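Student: If you scroll down you'll find the structure; I have some questions about it.
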Amino acid sequence: MAVAEATATGQRVKTVHFVRLKLRLMRNGLRGQPWRIALFISGVVVGVGAAVGGFGLFTAAAVTGGRTGLVMTGFAGAGLTLSWLLMPLLFFGVDETIDPARFALLPVRRGVLLRGMLAAAGVGIPSLATAVALLGSVVGTAVRHGPVAGVALVGAVLALLTCVVGSRALTSAFASMLRSRRVRDLAAILLAVLASSIAPLQFAVSSLISHGDLDRAARIAGVLAWTPLGAPYVAAADAADGRWGTALVRLAIAAGSVGALLVWWFGTLESAMIGVAAGARSTNRSGPPVRAVVALFPALLRVLRPGRFSGLVAREWRYWWRDPRRRANLFSVTIAGAVLPAVLRVGPAAEHGGTPLPLAVAFSALMAALVLANQFGLDGTAYALHLLVGVPGRVELRARALGLVLLMVPIQVLVTVAVAVLTGAAAQLPAALGVVVAGVGLSAGASALASVLAPYPFPESTNPFAVSGGTGGLRGLLALAGSLSAAAVLAPLLLFAVLTDGPVAGVVVLLAGLVWGGAGLVIGTHVAGDILDRRGPEILAAVTPRR
Amino acid sequence: MTESALVLRGLVKRFDRVTAVAGVDLDVPTGSFYGLLGPNGAGKTTTLSMAVGLLRPDAGKAWVLGHDVWSDPVVAKGLLGALPDSVRMFDRLTGGELLAYVGLLRGMETGVIETRTAELLDVLGLADAGRTLVVDYSAGMKKKIGLACALLHAPRLLVLDEPFEAVDPVSAALIRDILNRYVAGGGTVIFSSHVMEVVERLCSHVAILAGGEIRTVGTLEEVRQGRPLEDVFVSVVGGRVATGAELSWL
């Protein structure tokens with residue numbers, strides 16, 4: 001093989017060897033296999049068709065220019081990148097013609113290997129077709145704006161790199177993750193998540209199309225243009241309109257994301273190589289001694305000073321991710337929190353400006369902390385440790401609530417901002433954020449109370465969706481009652497937020513929301529903490545599964 | 001008379017109609033290696049759970065080195081290390097993370113936690129497990145990490161429920177050695193078991209529990225009176241150890 005020959009003859013290994021290796025492997029794969037040749041030819045035909053179509057689309061978009069051109073470029077570019085990222089994961093799997101693990105024993109320097117792998121990844125029908133299609137934007141820009149085509153060329157190269165490296169990084173990271181038990185737990189959930197998010201997505205897209213709404217499309221394209229998905233494609237349009245600064249920033253976004261993807265991909269490549277060298281026990285390798293306290297804290301929480309409270313928060317974070325039941329809960333709450341506000345905004349009342357934003361986000365905020373309503377049931381008999389150590393009830397409940405709040409509030413804020421921008425409700429944003437913070441805090445407080453008043457056991461099974469029959473459902477009603485009372489407490493603030501408008505009222509709601517949510521959390525955990533101190537052993541008994 | 005490390009007075013626990021523990025009194029002298037023997041269902045786990053504050057007794061009290069477990073829990077629980085049986089751990093952490101977590105909950109200094117965690121994992125042969133989560137440990141490894149959690153804060157009293165169950169012979173010898181050194185250093189151990197051999201080899205004191213009551217109690221010699229412990233146990237607990245005319249078809 002080319003690389004092995006090169007190393008054997010003492011010749012310096014260069015990137016071109018990897019490309020030759022890839023081409024030779026492709027040719028050998030076709031030899032004497034009629035159906036493979038047929039498949040290859042049909043692949044070429046599809047590729048040529050896609051290349052020509054894409055070339056036409058991007059050329060037309062660049063020549064049209066203006067807002068329509070921006071929408072066309074933004075959507076086409078984001079669609080292209082997304083299909084590069086998702087298609088291999090969902091349908092095809094990735095072309096592993098050149099397996100990095102094969103090079104583990106060859107004396108090839110790391111940098112050369114990585115460059116070679118990158119070049120080899122770029123050789124193939126999809127990359128060529130994409131390159132041709134992207135050339136369209138360069139040609140189109142050159143026709144209309146002349147020298148600005150340089151920007152288009154840089155953008156096209158960055159876009160191609162994003163596609164190739166991104167799909168490589170995603171698939172190889174996913175492949176190496178699938179080897180561990182943790183992710184096998186996850187895979188089932190992920191499929192459920194994908195299935196459940198397709199319907200709302202269809203809904204959103206079809207409503208956009210049926211409204212034939214260029215304004216809204218332009219807004220979405222405007223957002224896409226600031227993400228790595230769209231940035232490299234629309235930079236040339238900005239430059240053509242004379243916004244050179246914007247164009248440069250977009251190119252920088254694209255370049256930065258290519259860099260980040262490269263680092264990520266190279267990281268997974270190296271671990272893939274070590275994985276084979278170390279054999280089957282690779283996931284258990286002891287490696288350099290890790291400091292236990294540091295290891296307990298997730299990277300984002302390392303700013304905290306290690307102690308009882310921060311230790312509890314750190315363990316909660318680890319558990320939201322590592323415990324399959326908790327993870328399933330977290331996913332469903334997150335998805336509901338993302339979908340519900342969007343649907344309420346563009347749903348039935350859309351003709352009249354849609355549901356007011358603060359109301360649209362209130363439901364998901366109130367639901368966010370419901371996952372804590374049986375937090376002791378989630379831990380099961382493991383709670384015995386806290387009893388043995390004698391963790392004070394308030395410390396325990398506040399740490400648990402804070403762990404969830406630190407997870408949920410950023411997600412909810414992000415969703416609220418995105419929905420506000422996309423549905424043209426930016427003016428209502430401060431008030432909506434106030435409602436979100438208040439809702440999450442209040443429901444966390446109510447859930448703390450529910451969790452000490454009506455704990456119930458989950459079966460000790462690995463299936464995250466298993467619930468014990470009998471009383472579990474009934475006690476779940478109490479959690480519902482808890483969230484209803486949280487809703488009742490939130491109602492005055494919500495009413496004020498919906499009835500008023502203007503920036504001053506918005507800021508008032510935001511500040512009041514912070515106070516509201518904070519007070520709900522503090523009071524709820526204060527009362528619940530007292531109960532927990534008195535009823536600890538009873539709660540342990542209540543969450544112990546019957547055998 | 002030396003002060004008792006653990007004192008139980010009149011502990012009673014009923015589940016529905018069944019009386020699991022019917023008034024247990026026990027004095028565990030400081031520095032003793034105490035074996036709590038009993039057949040299955042005798043109430044060993046229930047008694048020890050009440051002694052460490054996991055299960056609220058219907059009547060009776062428990063003191064750890066003079067501190068009431070139920071009315072003065074903070075001090076009592078600080079002096080106590082426990083390995084409960086049939087209780088899960090926070091097993092979705094690695095061994096090191098679990099120990100660090102226990103240490104932080106106990107309010108220990110980070111540096112001390114690091115040193116002791118490394119040493120415990122090393123001695124117990126768990127350092128090789130690396131990034132493996134405790135949930136994926138074998139039964140014996142789980143017992144060992146549980147013991148490490150109980151030892152981490154250097155308690156004065158260790159309460160261990162079935163510490164030798166599901167443990168392989170090598171690990172059992174290691175645990176015996178650790179516990180012997182702990183007692184030699186002035187610590188007190190009480191553990192439950194139904195394996196006579198282990199109790200006979202390790203313990204200075206023995207109590208035999210059956211039907212929720214203490215049947216026999218004293219130093220090993222007092223209880224044995226020259227006979228093998230197994231004979232004493234069978235005669236105290238009752239029950240047949242030989243067959244008569246039945247099963248002749250075997």
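Numbers here mean position along the shown chain, with the first residue as 1.
A Cβ is built for glycine as well, from the same backbone N, Cα and C atoms used for every other residue.
No curator has checked TrEMBL annotations; they are predicted automatically.
Per TrEMBL, the features are:
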{"type": "TRANSMEM", "residues": "A:37-63", "note": "transmembrane segment"}
{"type": "TRANSMEM", "residues": "A:69-92", "note": "transmembrane segment"}
{"type": "TRANSMEM", "residues": "A:112-135", "note": "transmembrane segment"}
{"type": "TRANSMEM", "residues": "A:147-165", "note": "transmembrane segment"}
{"type": "TRANSMEM", "residues": "A:186-205", "note": "transmembrane segment"}
{"type": "TRANSMEM", "residues": "A:247-267", "note": "transmembrane segment"}
{"type": "TRANSMEM", "residues": "A:328-347", "note": "transmembrane segment"}
{"type": "TRANSMEM", "residues": "A:359-389", "note": "transmembrane segment"}
{"type": "TRANSMEM", "residues": "A:401-425", "note": "transmembrane segment"}
{"type": "TRANSMEM", "residues": "A:431-456", "note": "transmembrane segment"}
{"type": "TRANSMEM", "residues": "A:477-498", "note": "transmembrane segment"}
{"type": "TRANSMEM", "residues": "A:504-525", "note": "transmembrane segment"}
Student: Restricting to the same chain and to residues at least six past its boundaries, which positions have a Cβ under 8 Å from a Cβ of the transmembrane segment (A:147-165)?
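Tutor: For the transmembrane segment (A:147-165), the list is 62, 77, 80-81, 84-85, 118, 121-122, 127, 130-131, 134-135, 137-141, 228, 232-236, 239-240, 247, 250-251, 254-255, 257-258, 261-262, 265.
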Student: Looking only at the recorded stretches A:112-135, A:328-347, A:359-389, A:477-498, A:504-525, which one has the largest tally of CB-CB distances under 8 Å to the transmembrane segment (A:431-456)?
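Tutor: Ranked by Cβ pairs under 8 Å, first place goes to A:504-525.
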Student: In terms of Cβ proximity under 8 Å, which residues at least six beyond the ends of the transmembrane segment (A:359-389) contact it?
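Tutor: Distant contacts of the transmembrane segment (A:359-389): 319, 323, 325-326, 329-330, 333, 336-338, 340-341, 344-345, 396, 400-401, 404-405, 408, 412, 415-416, 419, 432, 435-440, 442-444, 446-448, 450-452, 454-458, 460, 475-476, 478-479, 482-483, 486-487, 490, 494, 498, 536-537, 539-540, 542-545.
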